[in-house]
Every structure is written in structure tokens, then in C-alpha cells.
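Listed features, source TrEMBL:
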type: DOMAIN; residues: 34-439; note: domain 'Major facilitator superfamily (MFS) profile'
type: REGION; residues: 1-21; note: region 'Disordered'
type: TRANSMEM; residues: 32-52; note: transmembrane segment
type: TRANSMEM; residues: 72-92; note: transmembrane segment
type: TRANSMEM; residues: 99-116; note: transmembrane segment
type: TRANSMEM; residues: 122-143; note: transmembrane segment
type: TRANSMEM; residues: 164-183; note: transmembrane segment
type: TRANSMEM; residues: 195-219; note: transmembrane segment
type: TRANSMEM; residues: 257-275; note: transmembrane segment
type: TRANSMEM; residues: 295-314; note: transmembrane segment
type: TRANSMEM; residues: 326-342; note: transmembrane segment
type: TRANSMEM; residues: 348-368; note: transmembrane segment
type: TRANSMEM; residues: 388-408; note: transmembrane segment
type: TRANSMEM; residues: 414-434; note: transmembrane segment
Amino acid sequence: GVKPVPGEVEAETPNGPSPGVPPEVRLSLRRWAVVLLFSCYSLCNAFQWIQYGSINNIFVHFYGVSTFAIDWLSMCYMLTYIPLLFPVAWLLDKRGLRLIALAGSAFNCLGAWVKLGSMKPHLFPVTVLGQVICSVAQVFILGMPSRIASVWFGSHEVSTACSIAVFGNQLGIAVGFVLPPVLVPNLEDTEQLAYHISIMFFITAAVATVLFILVIIVFQEKPPFPPSRAQALIQLKPPEEYSYVQSILRLLRNTNFVLLIVAYGLNTGCFYALSTLLNRMVIQHYPGEEVNAGRIGLTIVVSGMAGALLSGIWLDKTKTYKQTTLVVYIMSLGGLVAYTFTLSLGHLWVVFVTAGILGFFMTGYLPLGFEFAAELTYPESEGMSSGLLNVSAQVFGIIFTIAQGKIIDHFGTQAGNLFLCSFLLLGTFITVFIKADLRRQQANLDGEQTDISRDVHPALLKQSVSKAGKKHKISSLLARILPFWKTVPPSTR
């Protein structure tokens, strides 16, 4: 008397659901092409963010500008994001994923080609223009991972998909740390230096162009069928019911989400500051080690990618968003403390180890924040929730980069890193007070229970309800006797 519940099968069907009928839940094979292509052009954009900072001293010599001016080539990514978030989030809600993907890859390609026109020391303004265009592209990229994951992937793989989407951005930072020191050696001859810089810029422009063409061909708005119950419920709502302004107000009234905004901004802002100033910190203790400075940055990001991927898989298996986020936050703080006190010991291998531990948790935190936000704010737009997280990260990133740079100049690298440690400690305390209100998971569970109750034989349904009632009574009794029982997640009970 029990019919099987319709599963999420691998299929790609050209016909959509009939009007007035709830859409069938299916997975599209194209979802993997979409998320991998997004990761690739996100990689290219992230590479262009850090390519100046990873060889800061070389660009200072080539363009004849101050260290602070080169730092701004990284910080302009953060500054541009803040005013452009709301227009881009509005476009994402009104026009969808495909337009945002096309715009992001197009700006990324254009900025890369503009930089090729800055191959003379007096053309620093041209390279600034190219970097600003790339920073505009970033606004169309950073808020996409959780949206792509929700629109294209099933409930059992959404966190893993988000991690893969973030994975590309982190890999781009890793390549941005290790490749520029190899392609652009520290030479005194300006003409030779211009030649090596032009090779780096040309490779970047060629890759960005290929990726833009692939986005035009491959990237689609959404799959033929919703991939999860939560997405099916969103698609059933008439578009006229959605209000962009009301959505923002609802997000800002969500106390748990506001706490997450601050905690995410503190953690990611610290990561941005460390990435931007890494070359300066390493060179200060290990002169002439530009290549190893890039490798340390590579270690931070590659270990962070492993952390991000494992975190996504763990979340899909356990759904323990609050607990996982808190543990990763605490370990990020511990990793930064260890890195702070080993940087000046004179042993590069020790710095590699502590930097790897720091990266595993600090960079691994990024997709956790996106997915936790999507859970806390469902059914609001993932683009807006991710965007607000990123605005917080950009604001704190600018503040921390400028402040830590000044502290390093006057008091040394240890004082600068301890400055960041204090804010990670604050972020840890804030995370403790975030309640795990997992609304998206609840929507998926409600949808599954509705399907089961519709198809199950009445006698079996009555038996199931009876068992659920007994379970609830036992749970209530335990809650009275054992106070800590209240802290155990319902799924574990």
C-alpha cells in the first residue's frame, strides 16, 4: 500500500511543468557544466585580484609608485563591490543567472585586455582602469555560488555544489600567488620587466576571452525542472508577490542573519587583509623570497579549498550548520595565532605548515557562510543574502588592510597579525549567539512529508503518526529531566 516517493533522478527534459501543476523535482545533467564553468571564470577574476599584491615590490619598482598605491589595486575590488551590490542583486532577481554570468565574464575579459595597454612605467593609470573594470566583474561573481547551487542542485548536494563554486575563486587566488612570481622575476631592467609582465597579462586576457565565449554557449538560466522541494515552492509563487525592497528589509530584520553578516565580514575581511599584505610580511622576515611568499599564499588557499570542499560534503551529510561554522571559526582563530608567532622564527617550513592550517579553516569558512545564510534567510534571494555577506567582507577587508598595513609599518608584522586575531575572537563570540533556524531544510522536509502522507496507506499513516507522538512524549520527558537534551538537534533525537 506504499507508493515510492518520486526521487531526484538524473534527467534532462525539454518540456516544463503544466500551468497550475506543481513542478516535478528532477536534476539536470547540465548542472555540472554550469557550476564548473562558473568556477573557471571566477578563478580568472580572482587571479587578477591578487596578481599585483603577490609581487607588490616588483610593481612598485616598475611603475615607480608607493606600496600603498599597489595595495589599492587589490582594495579597489573591495571598494567597488559596496555601491554596486544592490543594483547587481536587483538585476539577478529581475533578469536571472544568465545575464549576470554574461556580464561578469564580459567585464572580466574587458579588464584583462585593458591591462595590456599599461606596459610602460608612466601608464599606471591604465592598469588602474583595467583593475577597476575587473573589480566590477567581481560584483557579478561573488554572490553567485549559493544561487547557482540552489537553482541547479538537489537538497542532498547543494552545499557541495556551493563549495565547488567557491572552490574556483579560491583556486584563482592560489594561482595568483604562485604564478606571477614565476612569470615576472625581480629584474632591474624596466624593458625586460615590461616584457615579462606583458606575457602574464596576455595569458590572462586569452583565458578570459575563451571563458566568455563558453559562457555564451553553455550557461543557461535554470534547469527544465526544479532540483529540490524548496526550489519548487519558490517557483510556484507568482512573480508579482516578490518585492525587492521588502526582501532587503526582511533580511535586515532577521537577527540571526545580521549576526552572521558581522561574523562573516570579520573572518573574510581578515583573509583579504592577509592575502593583500602577505608578500610584504614574508619579505620583511625573509628578504629575496618572493617566490616562496607566493608559495605560502598558494599553501593557504589550496589547503583552504580542501577545507571548503570537505565542509560542503560534511554539511550535506549532517546539516549541522551552526556547529560546523562555530568549530571552523574557532580553528581559524587558532591557526592565525599559530601563524603570527611562527612567522618571525626564521624557519620557512614552519611558516608553510602554520599557513596551511590557517588556510584550511579560514578559507574553508567562505562557503559555510554562504550556505548558512541561505538556510537562515529562505525563501529570500540567495543573491541578496550572499551579497550582504560580501559587502560586510569588503568593508572589513578595506579597514583591516589599511590598518594592518600601517601597524606593520610602525610596529612590525606580529602586532599587525595580533590586531586581526582580536577581531577573529570577536567573530567567534558573535557566532555563538546565532540560532540555527534552518528554514530551507525545513521546507524540503515539509515537502517530503506532504508527498509521503499523500501516497501512504491510511493504516500505515496512522501507525506513523502514533510512533511520532510517542517519540515526542519521550523527547519532552527527557527535556525536563536532562536540560542538555534541549541542545540536541531534532534530527539526532
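Cβ atoms are placed via backbone N, Cα and C, with glycine included.
A TrEMBL annotation is a machine prediction, not a hand-curated record.
The highest tally of CB pairs under 8 A with the transmembrane segment (99-116), across 72-92, 295-314, 326-342, 348-368, 414-434, is held by 72-92. Confidence annotation: the domain 'Major facilitator superfamily (MFS) profile' (34-439) carries a mean pLDDT of 85 in the model. Ranked by Cβ pairs under 8 Å to the transmembrane segment (295-314), the stretches 122-143, 195-219, 257-275, 348-368, 414-434 are led by 348-368. Two recorded stretches are said to be in contact when at least 3 C-beta pairs lie under 8 angstroms, sequence spacing 6 or more; the transmembrane segment (257-275) and the transmembrane segment (388-408) meet this definition. Sequence-distant neighbours of the transmembrane segment (326-342) (same chain, 6+ residues past either end, Cβ-Cβ under 8 Å): 263, 267, 270, 307, 311, 350-351, 353-355, 357-362, 364-365, 368, 414, 417-418, 420-421, 424-425, 427-428, 431-432. Tertiary proximity for the transmembrane segment (388-408) is limited to same-chain residues at least six positions away from its ends with a CB under 8 Å from its CB atoms, namely 67-68, 71, 74-75, 77-79, 81-82, 85, 142-143, 251, 257, 260-262, 264-266, 268-273, 276-277, 280-281, 284, 369-370, 373, 415-417, 419-420, 423. For the transmembrane segment (195-219), same-chain residues at least 6 beyond its ends with a Cβ under 8 Å from one of its own Cβ atoms are 30, 33-34, 37-38, 40-41, 44, 47-48, 51, 62, 97-98, 101-102, 105-106, 108-109, 112-113, 115-116, 119, 179-180, 183-185, 187.
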